[in-house]
């Protein structure tokens, strides 16, 4: 171990910063967050420091450094570009046994700053002892993704309740089990939802009676396919799940992010055949949640856009099961972005409409006259099977036959397929398309050749998420 990790309490302790530039301003911001009394020595100070000085939040002690300035400080930071001055500060600090950090000169540091993940009062510090800053940054990125923002509030409430829990449960084993149950159960869910009053009520109820463990259902949008597009909240839910029920549309890369010992069950749905009836899926969700499991329902895209997520939550509500929703990037946004097709554009499309292509077999359930209006973009989910009927109806109601169209299959993935053409060619294009696929109809489709940027090479070699690399 090259450095001893310490967490220093510098609240109301004097800290000297020599230097007044941008680097010094960054160090001051960190010290200020930790509650230090900050003294600055510099000829001139950065505008951010000027504001702090005018507000009496820092003290501009002097314009030049002298060793005596170290006599009454806890630690010193040298943030200048003057190597001789930095050497002088380092030697003076060492002689007085003051902790010193010379920015970007590790040989003149008795301490170094770690990379920080801040969920106060939970704080994680990472360091490679200066050997690999990029690796530390990647590790921090992974931890930032895995640790929910609510973690700090959870710790704060837990600290408030510690004396009461200790009085009620004197045995350390009982207290450990109590907190494990709380941090993995309804209490954590309430804190994450921002319902702090209810979270404390849950702790009180858990303490006063031996409640059976209560599970919950988390509806998670997996996004359009690229695992890098999964939200941080979605990743956290997958890492906490006991059971995950997922659809065919969820990519293997996203499934790889599920906690290793979680049970994974495919309840896949595809146009034309349903492997598991919706009622059976609802029943399973409720049954496992009632057994105290944390059940994740993982859906491609966004669960509230043609995902039947509302139906599943209605069933959970009726069964009095706690639930939460983690939205995802819907297929329309992901497919269009990766294809280089802006869904709206000031010159071509003033609105965008999302519809499903198989809700009514005869097509009579849709207002084709409205859908056929010019200067709007239609995004059609599950429309490949009825592509001929769709193009016929739109042309019949006034949409021009030469309106650009695109069919995008396997959107955002290395095997993404894009078929471009005209509205009157939609049926023939659909016969060539792989599935699942999305239809985009509108003048914006004509921009695809100019704005296309994504390729399988781009995905594999340039933009692969470091979260996946470190998984």
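All positions are counted from 1 along the displayed chain.
Heads up, the Cβ atoms here are built off N, Cα and C, so glycines get one too.
Positions annotated as active site, proton acceptor by Swiss-Prot: 247. DSSP gives residue 247 (active site, proton acceptor) a coil state; it is part of no helix or strand.
The active site, proton donor annotation in Swiss-Prot covers 269, and the record cites sequence analysis as its basis.
The Cβ of residue 22 (NAD(+) binding site) lies under 8 Å from the Cβ of 46, each of which sits 6+ residues away along the same chain. Swiss-Prot lists 22, 23, 43, 44 with the feature NAD(+) binding site, giving sequence analysis as the kind of evidence.
Neighbour count (other Cβ atoms within 10 Å of the Cβ, all protein chains): 19 for residue 305 (S-adenosyl-L-methionine binding site). Classification of residue 305 (S-adenosyl-L-methionine binding site) by DSSP places it in coil, neither helical nor stranded. What Swiss-Prot lists as S-adenosyl-L-methionine binding site is 224, 300, 301, 302, 305, 330, 331, 382, 411.
Over all protein chains present, the Cβ of residue 128 (phosphoserine) has 15 other Cβ atoms lying within 10 Å. Taken residue by residue with DSSP, residue 128 (phosphoserine) is part of neither helix nor strand, so it is coil. What Swiss-Prot records for 128 is phosphoserine, and it gives sequence analysis as the kind of evidence.
Among the features that Swiss-Prot reports, region 'Precorrin-2 dehydrogenase /sirohydrochlorin ferrochelatase' is placed at 1-203, with the record citing sequence analysis.
Annotated region 'Uroporphyrinogen-III C-methyltransferase' per Swiss-Prot: 215-471, in sequence order, evidence recorded as sequence analysis.
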Quick one: Cα separation, residue 301 (S-adenosyl-L-methionine binding site) versus residue 128 (phosphoserine), in Å?
38
Other C-beta atoms that fall within 10 angstroms of the C-beta of residue 411 (S-adenosyl-L-methionine binding site):
27
List, in sequence order, the residues of the same chain other than 22, 23, 43, 44 whose Cβ lies within 8 Å of the centroid of the Cβ atoms of the recorded NAD(+) site.
19, 20, 21, 24, 25, 42, 45, 46, 49, 79, 80
Nearest to residue 331 (S-adenosyl-L-methionine binding site) in three-dimensional space, by Cα, is which of the recorded positions 23, 44, 128, 247?
247
What's the CA to CA span in angstrom from residue 128 (phosphoserine) over to residue 23 (NAD(+) binding site)?
21
